[in-house]
Amino acid sequence: MLDLLKQTIFTRDFIFILILLGFILVVTLLLLENRRDNIQLKQINQKVKDLIAGDYSKVLDMQGGSEITNITNNLNDLSEVIRLTQENLEQESKRLNSILFYMTDGVLATNRRGQIIMINDTAKKQLGLVKEDVLNRSILELLKIEENYELRDLITQSPELLLDSQDINGEYLNLRVRFALIRRESGFISGLVAVLHDTTEQEKEERERRLFVSNVSHELRTPLTSVKSYLEALDEGALCETVAPDFIKVSLDETNRMMRMVTDLLHLSRIDNATSHLDVELINFTAFITFILNRFDKMKGQEKEKKYELVRDYPINSIWMEIDTDKMTQVVDNILNNAIKYSPDGGKITVRMKTTEDQMILSISDHGLGIPKQDLPRIFDRFYRVDRARSRAQGGTGLGLSIAKEIIKQHKGFIWAKSEYGKGSTFTIVLPYDKDAVKEEVWEDEVED
């Protein structure tokens, strides 16, 4: 019995010790769990701070209760979503900046108070503001429209404005400005966008078109009036042998001049519409020019009204070039004819030619009337004449130099004139030249053989 009692007491004490040890273990585990939770909470808190700071690279990996695990996984997912969103925003920003940078139109944006928050380089150049800080400046001040418009006008009316501006090079520009509102999804207006389109060339072309139509009308009206007058005189009975032949001759001359003008206009139209193409061939340019000058020498013997001397001032060596011989003949003929027309009787006309590494330079000089300084920049304009009455009397259409300029441009060259009034003029043509072109062609032929 005693032994049984002792055994019972021992068992009871052992159970008590186990319970005590179990309690201590539970308390210890709870304390450890609480400490681990605190560490994990600190890690989660740090992760949130990293997200706020823009660091999305760290990934949490925690073991524990389901709630902690869920929070950790959600934070990792949120971090990845934010990272991808940030990358997309950066890519869109770069794409937008690239588009704005390469746009030929100027673009600027404002906040709701009309202050500039964005402007591209084109707009800065158009407004002459490259070196100025324009952010936060008023759009009204920037466009110089504060005297005529208020910000409310731009918002409520979104007008289209035509402005005169001066770019960074001091060139005057015509700008067409269009406005658009920046709206949020709620409809709240948060600012304006203005697009500046340079219409300088368009306005210039429109002015030239109007002037061209006016000139064509005038140039055709003058000979038509003459022809009409003479035909009316003939119709009314002026058919006697002493008068009628002169009337008919003048009518034919004016008709021929109109035909030449129409032909020149059609030629220019084909060039403008890019339907006039060069038929190039490889020729000896020295022989080509010499042939033209020989033709003019033969004409000189038949010319009764005007005597002139053609001087060749160039070496007789081969200059091989690819040109359209018909069109280039038209250019040289026109310049030589003008030199003869405006030179005094017995005048000297000098033709010079030389080459550089990559250019052929042809110049034709005369000692004629010359061109006034104020007229020199416009002599290649269509229908422009220094002396309209004299040019018309000599049968000119006023289009010869315009056509010459366009033909030279088709050959990727350029033409200009220097002149001193009363002393003469020099017309210079520069064409691209490759001195090795013939060597290469001969070498290719030898290889093919």
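Placement of Cβ uses the backbone N, Cα and C atoms for every residue, glycine included.
These figures come from a predicted structure and were not determined experimentally.
Under the heading topological domain 'Extracellular', Swiss-Prot lists 1-13, citing a curator's inference as support.
What Swiss-Prot records for 14-34 is transmembrane segment.
The domain 'HAMP' feature in Swiss-Prot is assigned to 35-87; the stated evidence is sequence analysis.
For 92-158, the entry in Swiss-Prot reads domain 'PAS'. Mean predicted confidence for the domain 'PAS' (92-158): the pLDDT average there is 83.
Residues or ranges marked as domain 'PAC' in Swiss-Prot (evidence: sequence analysis): 157-211.
Under the heading domain 'Histidine kinase', Swiss-Prot lists 215-435, citing sequence analysis as support.
HIS218 (phosphohistidine) falls within a helical segment according to DSSP. Taking the Cβ of HIS218 (phosphohistidine) as centre and 10 Å as the limit, one finds 11 other Cβ atoms among all the protein chains shown. Positions annotated as phosphohistidine by Swiss-Prot: HIS218.
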